[in-house]
Amino acid sequence: MSVDKIVLAYSGGLDTSVILKWLANEYECPVVAYSANIGQIEDWDAVKEKGMATGADKVIVSDLQKEFVEDYIFPAFRASAIYEGTYLLGTSLARPLISKEQVRIAHAEGANAVSHGATGKGNDQVRFELGYIGLDPSLQIIAPWRTWDLNSRTRLEEYAKQHNIPVPTTKKNPYSSDENLLHISFEGGILESPWNEPDPDMFKLTVSPEMAPDKPTYLEITFQNGDPIALDGVAMEPLELFRALNKVAGENAVGRLDLVENRFVGMKSRGVYETPGGTLLYHAHRDLETICLDREVMKIRDSLVPRYAELIYNGFWFSPERELLQMTMDTAQKTVSGVVRMKLYKGNCFSVGRKSDQSLYKEDFATFEADDVYDQGDATGFIRLNGLRLKINALQGK
């Protein structure tokens, strides 16, 4: 099938600018450059201007921030999603949303092909393309990094100069970074050695612990059915609330993470992340669950978290199994409503109080003082029955 029109996921950087020109030349068809605003700091007018100057038939910038928070970040946090026990999935959650909007634009513009700038080594190529396939398998997918011979930065710069594509003359960023409302990631450069400590000047969203306030910051987050709805008693829309969490957590050095993760494509990768608001929200939400979730429900939910997080990390957001797990996670959240008081201090994030009308914590049952609701003698039979199989095993072994 011939390629008649292409929608490119376009950032305005060197890679996707070269791809934009290359697609127009290689396929001799119109290319729509599409940029997703998911909270990154960017001069969108400059992105549009550069895209048109580089050969785009049209440049579209979609503001997806509200949708990102409400339909991607919050559902994942209701599920307490965390990959390999550490990573809060900042990049992984953004990719399916970018893909979804790209497919929508392809339909609106009458394009029969989509393209992206992800390399053949990373997870993002998988995430983008599984999104395309899951939403419209009829679209042709063009992944230049897997087919062309421009396989180094030097060759990209040479191609850019040959085709009058502006190349930044400022000092190059020594890291590869990805930024959105949930986080910013840093990879490559000196970080490729897992022994090298990150440069303190690298961080953008958080202050260093040494520079954080010398007094702790207290705040209260109100939840309803697992979603945050208010900060310090003030009701806010999801986007406004999440920005506020990012600000206060970043000011207190909360959310820095340095890890080595297992990529879906098979290799290990070292990444450094800043996830200020997400880290604060994750810990507050988990704490409220301790009083609102039934023990066995929590056990089942926690057993599903690794699978749920892995699906998102690997790019299966639009899969039936992720949707099934989401319904299960959301059902568990029907009782997770209340208020958590958090204490932030020099990179640390503590829960210091929690309350809920749906709390399963009852002081008259848990008290160490005398009570009239719990017969301690009942524990004798409970222990005897639970120890029966241990007794039988011990006797058998003699």
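Just so it is clear, glycine is given a Cβ too, placed from its N, Cα and C backbone atoms.
As written in Swiss-Prot, here are the features:
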BINDING   Ala9, Tyr10, Ser11, Gly12, Gly13, Leu14, Asp15, Thr16, Ser17, Ala36, Gly117  ATP binding site
BINDING   Tyr87, Ser92, Asn123, Arg127, Ser176, Ser185, Glu261, Tyr273  L-citrulline binding site
BINDING   Thr119, Asn123, Asp124  L-aspartate binding site
Site extent for L-citrulline, whole Å (max Cα pair distance, Tyr87, Ser92, Asn123, Arg127, Ser176, Ser185, Glu261, Tyr273): 19
Integer Å distance between the CA atoms belonging to Asp124 (L-aspartate binding site) and Ala9 (ATP binding site): 12
Most Cβ neighbours inside 10 Å, all chains, among the binding-site residues Ser92, Ser176: Ser92
Largest tally of Cβ atoms lying within 10 Å of a Cβ, found at which of the binding-site residues Ser17, Thr119, Asn123: Ser17
Distant-in-sequence Cβ neighbours of Asp124 (L-aspartate binding site), under 8 Å, six or more positions away: Thr91, Arg95, His116, Ala118
Secondary-structure category, per DSSP, in which Gly117 (ATP binding site) falls: coil
Distance [Cα-Cα, Å, rounded] between Tyr273 (L-citrulline binding site) and Thr119 (L-aspartate binding site): 20
Additional residues surrounding L-aspartate, by Cβ distance to the Thr119, Asn123, Asp124 centre under 8 Å: Ala118, Lys121, Gly122, Gln125, Val126, Arg127, Val265
Site of maximum Cβ density within 10 Å, from binding-site residues Gly13, Gly117: Gly117
Which of Tyr87, Tyr273, all binding-site residues, has a Cβ with the fewest other Cβ atoms inside 10 Å: Tyr87
Residues satisfying Cβ distance under 8 Å from Ser11 (ATP binding site), sequence separation of at least 6: Ser35, Val47, Gly117
Spatial neighbours of Asp15 (ATP binding site) that are distant in sequence (at least 6 apart) but have CB under 8 A: Gly117, Leu156
